[in-house]
């Protein structure tokens with residue numbers, strides 16, 4: 001009982017931090033960067049951080065911890081699989097729109113693309129995310145995939161999910177820092193320099209800190225074995241569950257540990 005209460009308190013913290021992330025990134029770009037547009041101006045660029053933070057961090061993180069929610073336990077797993085895949089697909093769509101925003105802005109203003117470390121990490125993260133989603137869909141949602149393949153791929157799928165979240169956070173905080181260095185130059189548009197820590201810098205820096213805090217809470221939820229979804233249908237070292245014709249193999253690490261214990 002204590003474990004469930006602790007989970008829901010942690011999950012509530014995760015939701016609150018996610019909402020704050022979205023609210024802060026919108027506030028930053030609306031109040032300090034002039035708002036939003038899709039016309040090649042600086043306001044066009046402002047969609048980029050909003051969509052990337054919302055999609056690649058907040059939605060992605062919530063999709064990753066979906067299976068840890070106790071309300072999803074003991075039920076047909078297929079609807080939760082579809083919700084998991086759907087949230088990740090929405091996250092991917094938002095990230096693509098965010099990339100379109102920055103590329104369109106750069107091209108409209110004759111700015112080079114993909115020259116900074118932030119852009120390199122970001123584009124690699126998006127590529128990994130694309131491969132991860134395609135692999136997950138073809139492995140865990142298509143009924144023709146053998147159980148042995150699912151058992152083999154699942155540990156990599158789970159591990160890669162955490163890596164992509166970490167890379168997304170690195171991309172976001174490096175992007176925030178890069179934007180502040182460009183936007184808050186001394187004697188530019190009468191704004192205070194970044195080193196003077198004006199209100200915009202405080203807002204954006206706070207956004208970066210909240211993004212990191214959100215990621216740490218998500219990783220805590222994912223790493224706590226007590227909060228892992230219990231699987232049913234134990235059979236000779238393999239956890240199986242039947243979902244309307246779908247057969248899945250879960251918790252490969254537990255399978256290996258169990259087999260080692262027997263030997």
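Any Cβ shown, glycine's included, is placed from N, Cα and C.
Per TrEMBL, the range carrying the annotation transmembrane segment out of 82-105, 178-201 is 82-105.
Range annotated as transmembrane segment by TrEMBL, chosen from 7-30, 223-246: 7-30. Within its own chain, the transmembrane segment (202-222) has Cβ neighbours under 8 Å at 7, 10-11, 13-14, 17-18, 20-21, 24-25, 27-28, 31-32, 53, 57-58, 61, 64-65, 68, 158, 161-162, 165-166, 169, 172-173, 176-177, 179-180, counting only residues six or more beyond its boundaries.
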